[in-house]
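First comes the structure, then the notes that go with it.
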């Protein structure tokens with residue numbers, strides 16, 4: 001017993017402590033990789049589904065055959081409005097949600113909302129798609145603010161586990177200025193290298209499924225008159241039938257099921273593999289300042305001179321990503337190369353963003369403003385080139401292969417600028433507020449809120465002329481009460497694959513029977529009137545035909561009959 005209870009001569013306390021903190025450091029690296037992979041999978045699913053959905057809903061044949069006059073175009077406009085407009089109020093509630101739920105649980109909840117959006121595509125109706133899109137708009141700013149906060153906190157924890165013997169670490173005091181900057185640079189680079197692969201994987205549904213159903217560019221671009229810088233939004237004159245034939249119902253359900261599975265995988269990754277960002281005592285301290293103060297602090301942080309100086313980069317960060325995904329891809333990619341080559345431009349852009357995100361590691365040796373200025377310079381040069389390059393529509397159908405290589409090069413270089421901008425802004429924010437862990441959620445909330453404001457302005461500007469035209473044309477059209485009724489649509493032409501409810505199907509059958517009965521009655525009346533006119537003509541001819549008296553006698557005979 002004395003031998004058992006006596007101190008073990010082989011036990012080395014210092015060695016065990018070193019092994020313990022080494023496991024802690026590996027746990028931090030696991031958290032960073034899990035958060036990066038989870039965000040990458042989530043946005044691969046979200047962007048891939050949204051792209052496929054918008055292309056299918058644009059096709060007139062698809063809308064008429066599978067949804068009748070349900071109004072898919074209006075639903076898509078409302079859905080995009082919910083995604084792009086709702087985030088502008090994110091500054092009001094994001095810090096409260098992050099402080100109340102915690103950084104990890106906020107990421108988990110946001111991933112669940114994205115999974116909800118994927119699930120609504122099984123039953124595409126106004127009351128499913130639009131509310132889920134609004135929910136995504138509500139979750140965008142909290143999700144990205146939580147991710148930025150989480151990656152920066154992991155860098156701080158890694159520094160603490162490396163320097164666990166330091167007095168300020170053991171007493172949980174404020175970190176020395178610049179102590180964890182190197183870890184922030186490395187972790188933010190790792191996150192953006194992995195996350196930007198989401199643009200690559202988002203094109204897999206397009207490559208594997210939808211590309212085989214798309215028409216050639218000669219058909220899609222037949223009536224297009226302008227390309228390049230003169231085009232904004234949907235290309236004027238692009239054909240509204242872009243599908244050769246409709247994809248089968250079961251194929252679409254299988255694709256949505258695979259995407260739904262990956263969305264659930266993301267939730268599991270955030271829940272199981274991501275550790276807590278703060279210690280329990282730190283979370284209590286973060287909430288102890290009061291919810292009213294938490295609500296007010298984001299507005300007070302807006303007056304921070306550092307954030308005001310970075311505000312143009314925040315806004316530009318939203319502009320340039322939206323231009324790459326929509327403006328460049330549509331006005332130059334689809335308008336010149338056709339819809340079948342859209343995946344190639346986005347694929348190359350995402351791969352370029354991922355590869356060039358590693359350039360932010362150069363901040364370990366060069367000044368930290370280099371990435372921001374370098375990204376802005378690259379994009380400025382490319383914008384000038386795009387203004388000069390604007391191809392004429394007469395050449396696009398015959399010589400589209402000539403433009404393929406230049407557009408791919410521009411896509412690669414634009415990815416370079418995006419990588420420098422995104423990684424540079426996130427890294428710089430983390431470095432500026434690395435020693436103030438209680439302010440990180442407010443800082444990243446303001447960053448992504450300004451991004452949302454920029455995207456909202458672009459969306460509003462692109463939709464405003466179209467809204468004015470619709471309003472003017474609606475005022476000029478006369479009111480028709482017969483068009484006021486609402487007709488329910490259907491999704492699948494085949495009865496086995498129909499997602500109509502039984503009540504809807506029975507109502508449609510009764511309505512069809514009534515319409516057929518009315519048509520039969522009208523046809524019988526017309527036939528009787530035609531026979532009466534023939535008999536009248538025969539009577540008048542037999543009576544000597546064309547005199548007024550004969551016509552009067554024929555009319556009286558017709559009325560008698």
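The backbone N, Cα and C atoms fix where each Cβ goes, glycine too.
Marked as compositional bias 'Acidic residues' by TrEMBL: 510-538.
Here TrEMBL flags 550-561 as compositional bias 'Basic residues'.
Per TrEMBL, region 'Disordered' is recorded for 494-561.
Residues 107, 111, 114, 117-118, 121, 136, 147, 150-151, 154, 157-158, 161, 187, 190-191, 193-206, 256, 259, 262-263, 265-266, 269-270, 273-275 of the same chain lie 6+ residues outside the transmembrane segment (28-49) yet bring a C-beta within less than 8 angstroms of a C-beta in it. Annotation comment: TrEMBL describes 28-49 (among others) as transmembrane segment.
The transmembrane segment annotation in TrEMBL covers 79-98 (among others).
Within the chain carrying the transmembrane segment (129-151), a Cβ under 8 angstroms from the stretch's Cβ atoms is held by residues 31-32, 35, 39, 46, 75, 78-80, 82-87, 90-91, 93-94, 97-98, 103-104, 106-107, 109-111, 113-114, 116-117, 119-121, 184, 187-188, 191, 274, 277, 426, 429-430, 440-441, 444-445, 447-449, 451-452, all 6 or more beyond its ends. What TrEMBL lists as transmembrane segment is 129-151 (among others).
Sequence annotations record features per position, and here TrEMBL assigns transmembrane segment to 258-278 (among others).
Long-range neighbours of the transmembrane segment (309-330) within the same chain, counting only residues 6 or more positions beyond its ends whose Cβ lies under 8 Å from a Cβ of the stretch, are 231-235, 342, 345-346, 349, 372, 376, 379, 386, 410-411, 414-415, 417-418, 421-422, 425, 428-429, 446-447, 450-455, 458. Taken from TrEMBL, the feature transmembrane segment applies to 309-330 (among others).
Residues of the same chain lying 6 or more positions beyond the ends of the transmembrane segment (342-364) and with a Cβ under 8 Å from any Cβ of it are 182, 185-186, 188-189, 192-194, 196-200, 202-203, 206-207, 211, 324-325, 328-329, 333-334, 370-371, 407-408, 411-416, 418-420, 422-424, 427. The feature transmembrane segment is assigned by TrEMBL to 342-364 (among others).
Under the heading transmembrane segment, TrEMBL lists 371-389 (among others).
According to TrEMBL, the transmembrane segment annotation covers 401-421 (among others). Residues 192, 196, 313, 316-317, 320-321, 324, 328, 332-333, 336-337, 341, 344-345, 348-357, 359-360, 371-372, 374-376, 378-379, 382, 385-386, 389, 391, 395 of the same chain sit 6 or more residues outside the transmembrane segment (401-421) yet have a Cβ under 8 Å from a Cβ within it.
Here the transmembrane segment (442-461) has long-range neighbours at 80-81, 84-85, 87-88, 90-91, 94-95, 98, 140-142, 144-146, 148-149, 152, 297-298, 301-302, 307, 310-311, 314-319, 322, 425-426, 429, 432-433, meaning same-chain residues at least 6 beyond its ends whose C-beta is under 8 angstroms from one of its own. Summarising the annotation, TrEMBL assigns transmembrane segment to 442-461 (among others).
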I need to check the long-range neighbours of the transmembrane segment (79-98): which residues 6 or more away from its ends have a CB within less than 8 Å of a CB in the stretch? 106, 129-131, 133-134, 136-138, 140-142, 145-146, 149, 291, 294-295, 297-299, 441-442, 445-446, 448-449, 452-453, 455-456, 459-460, 463
